[in-house]
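According to TrEMBL, the protein has these features:
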DOMAIN    2-217  domain 'Glutamine amidotransferase type-2'
ACT_SITE  Cys2  active site, for GATase activity
BINDING   Asp101  L-glutamine binding site
BINDING   Ile293, Ser367, Gly368  ATP binding site
Amino acid sequence: MCGIAGYFGTASLSPERLEACRVLMGRRGPDHAGYKSFANSAGRRTYLLHSRLSIIDIGERANQPFEVDDLAAVYNGELYNYVELRQKLQFGGAQFRTQSDTEVLITAIAREGWDILDQCEGMWALAVYDTVRGSLTLSRDRFGEKPLYIHQSEDGIYFGSEAKFIFALLGRKLPINKAQISRFLVNGYKSLYKGGETFFEGLSELPPSHNLFIGATGKTEQRPYWHPRFQPRDDMSYKQAVDGCRERLIEAVRLRLRSDVPMAFMMSGGVDSSAIISIAKRIFNYDVHGFTIMNDDVRYDESAIVASSVATLGIRHTPLHLRPGNIMAEMRELVKYHDAPIYTITYYVQWLLMQEVAKAGYKVSFSGTGADELVSGYYDHHLMYLAEMKGEPGYDAAVAAWTKHVKLEVRNPLLSNPDLFVGNWGFRDHIYLNNHVWADFLTNPIAEEFAEVHYTDSLLRNRMMNEIFFEGVRVILHEDDLNAMYFSIENRSPYLDRNLFEFCYSIPNRHLIQNGFNKAVLRDSMRGIVPDLVLDQRRKIGFNTPILSLLDTQDPAVRDELLADSPVFDVIRRDRMPEILSKGDLQNSESKFLFNFLNTKLFLEEFSS
């Protein structure tokens, strides 16, 4: 895990700008900083900057920029199957001077071309300069685990792992994208990645599973190298689904346990993180150290089930008990580092947990990101499953199981009707929750229709794929990366494995939910590995915290600070905010809006000038 930045174009970047960028890259890579520049025959210059967090082959020989034959590269990520790919390349005559995954990846590209990415399992943001052709190629992993921002100016293309790196090389900040600000306030985080925009004008991200080819004269071509699809094998039995999921998840964890430094594990009481921890401990005998957010709110309290799992598995464990603190100052620091508002309060709390991981001396952490979207873990998934089951054998039993086991756990009233999507497949009001209410809080109200990319005619799977590539998972990965990198920690997500994804998206929908249990395939695949208490738990909790447990809006000093003069009131009507701040208890959408308001306020105060 590292940081990368660079430029391709006609300009010469000053030493001062390069040094400013290098300093900013320190958190992503405190172990080494490297830089190289090149010039081609077409009058273009290329600058490659790298900051290294040493995880595999931690010696100096694997520092970057790294050169193999005619290629020079900077790389942020991990190639998990580098051992197997290295062996294949050695059989073909390749020789290596390090034990790093970096050298394997660049050697593979040098010998096989960019089609070799089809054989690569990992996460990456990669820039490779061809010294013979004078061209530059940028690449991003399949799911977007590693960020790669791009700004195209009149003189060339700037790129970097973080927006601030580009600003340093450019010598200025880009203007704030006010449309994205309004979108965030009204529609929430799930709207942010649908149009390819960011919180700054002229700043974009290279989409996941894409390469950007920049020719010697600056001509660009962007192409996908992977096309995710739902291709159900209708003849697959439930046992085959369970066995296949178990085999591939165990392999995904095995590959991600490769490291020359110790690793920590994010732990909740749910099946997602528990599966990763249990596989690491029980299958691979890894010395697991779990870290958990402990919440005193009974709605989100998982302490009993976590304590039971810790005892059953025999692992080390560090709990973080949340207490009201200086959330305003901490959030301001976090917003400054993220170059954006923080998308949910969950990721403020996760940042606090990452601080504990760093204090314990870890440089790698594991998370359960992506499981819900692979094997159907959300309440609306369950209702979409029922809608697709309508008229099929077993439908009445499925509704009865939902009514008996699930309905009472659902807090969103819109999702308490088992027929919600029956004959109404386009309903999505539960996602942009109460957006018409929050639009009225803006000085210039907006209204945007909910939109989805069409991957498949399956209602359920199309929703799940949009969540992976445009909504929840994209947001989580953004926050996971920055929260971890703030403390120089690499985050790994075993569920975001290409082979596991393609298998899960070949499982027929009828297998996904059984007897009212969501994620049935995952649960049954982990039977005998994960403690039964976890597998038999129906409540979905995760890392949740109500904002009023951390921010006392009844304190006059806090309210005065929230309502003080700020550029946020160019966007939000100041006269409306007391309606929210005066409440001693907030509904879910109100709590989210208050958090979004706070983050937008801090962001605009830091980046408007």
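Quick reminder: no glycine exception, Cβ is built from N, Cα and C everywhere.
Where TrEMBL records a feature, it is marked here on the structure.
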| residue | record | contacts (Cβ under 8 Å, 6+ apart) |
| --- | --- | --- |
| Cys2 | active site, for GATase activity | Arg28, Gly29, His50, Ser51, Arg52, Leu53, Gln64, Val74, Tyr75, Asn76, Gly77, Ser161 |
| Asp101 | L-glutamine binding site | Ile56, Asp57, Glu78, Leu79, Tyr80, Tyr82, Gly122 |
| Ser367 | ATP binding site | Met266, Ser273, Asp480, Asn491, Arg492, Ser493 |
| Gly368 | ATP binding site | Met266, Ser268, Gly270, Asp272, Ser273, Ala275, Ile276, Ser493, Tyr495 |
Other CB atoms within 10 A, centred on Ile293 (ATP binding site): 24
Site extent for ATP, whole Å (max Cα pair distance, Ile293, Ser367, Gly368): 14
Conformational class of Gly368 (ATP binding site) under the three-state DSSP mapping: coil
DSSP state at Ile293 (ATP binding site), helix/strand/coil: strand
